Amino acid sequence: MIDFGNFYSLIAKNHLSHWLETLPAQIANWQREQQHGLFKQWSNAVEFLPEIKPYHLDLLHSVTAESEEPLSAGQIKRIETLMRNLMPWRKGPFSLYGVNIDTEWRSDWKWDRVLPHLSDLTGRTILDVGCGSGYHMWRMIGAGAHLAVGIDPTQLFLCQFEAVRKLLGNDQRAHLLPLGIEQLPALKAFDTVFSMGVLYHRRSPLEHLWQLKDQLVNEGELVLETLVIDGDENTVLVPGDRYAQMRNVYFIPSALALKNWLKKCGFVDIRIADVSVTTTEEQRRTEWMVTESLADFLDPHDPGKTVEGYPAPKRAVLIARKP
């Protein structure tokens, strides 16, 4: 059973304590009524993992844990088998005691694009919206963050996160809650808020930007990463039934239009930090994610287009400040 008591105890002592007015009841409701049919199977995989305290832990350059003495072949096989029970692994990679989880996404490449543009994360309390398996939260901790809180309603991601946490010595500097941002009160408590790979899935993107703003302290920093298309400040793509085989893609603005959206929501010091085409080296099928990936979603005769004929995925990073 995944227990959130440590997180409650942690925030009871800090500026997030007012969250306890609503959070425990929400989590209790989720535990009672909303668990996925496979959740027990996934949580069992976490439970059966060994508790290991890493002798060497690198969260600055990667997510890598090593023991003082190499694990036996049997121990490594046990860890690998249990982690494979949590497939598909989409966000990573992770290197854990000789088990190398080669995830669909090279999330480390995204982090390398984002990190140089951020305010120093040292000592910061961070919210990561749509955090997936929590890979980037561990990198935030590696960059000096005091506390990283992730929210993502996908329950497999929660179990993946808890599995990695257990293999990192039950590290309590990062926590994942199975919630969507619409379930959070306006906490106004985070120094930095990340929303990466979420905006295009929202039916109301401006509402999402307001929700992000409501989580920031005054002078806090927003890090927004999302799909964009080429064009001027008035260019927005509204895909038909699917975009790159995804049904739940609603709005893809140009980077300049997105800058205007942020301005309209009251953000200042808005800058476009990076624009990059997503490659089939960064997102691809692996033995830890064996179903279709980006190469299957692009036009086989023109990789500059999706199978539906839209521009192929391009992602921008924008940084903004809440005044």
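Note that the numbers count up from 1, one per residue, in the order the chain is shown.
From the backbone N, Cα and C atoms, a Cβ is placed for every residue, glycine too.
Feature list (source: Swiss-Prot):
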type    : residues                                                                                      : note
BINDING : Lys91, Trp105, Lys110, Gly130, Asp152, Pro153, Thr154, Ile181, Glu182, Met196, Tyr200, Arg315 : carboxy-S-adenosyl-L-methionine binding site
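This view paints the features noted in Swiss-Prot onto the structure.
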residue	record	DSSP class
Lys91	carboxy-S-adenosyl-L-methionine binding site	strand
Lys110	carboxy-S-adenosyl-L-methionine binding site	helix
Asp152	carboxy-S-adenosyl-L-methionine binding site	coil
Glu182	carboxy-S-adenosyl-L-methionine binding site	helix
Tyr200	carboxy-S-adenosyl-L-methionine binding site	helix
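Here the binding residues for carboxy-S-adenosyl-L-methionine are Lys91, Trp105, Lys110, Gly130, Asp152, Pro153, Thr154, Ile181, Glu182, Met196, Tyr200, Arg315. Their largest Cα to Cα distance works out to 26 Å. Long-range neighbours of Lys110 (carboxy-S-adenosyl-L-methionine binding site) (same chain, six or more residues apart, CB within less than 8 Å of its CB): His136, Met196, Glu225, Glu282, Arg315. For the binding-site residues listed here (Lys91, Asp152, Thr154, Glu182, Tyr200), the lowest count of other CB atoms within 10 A around the CB belongs to Glu182.
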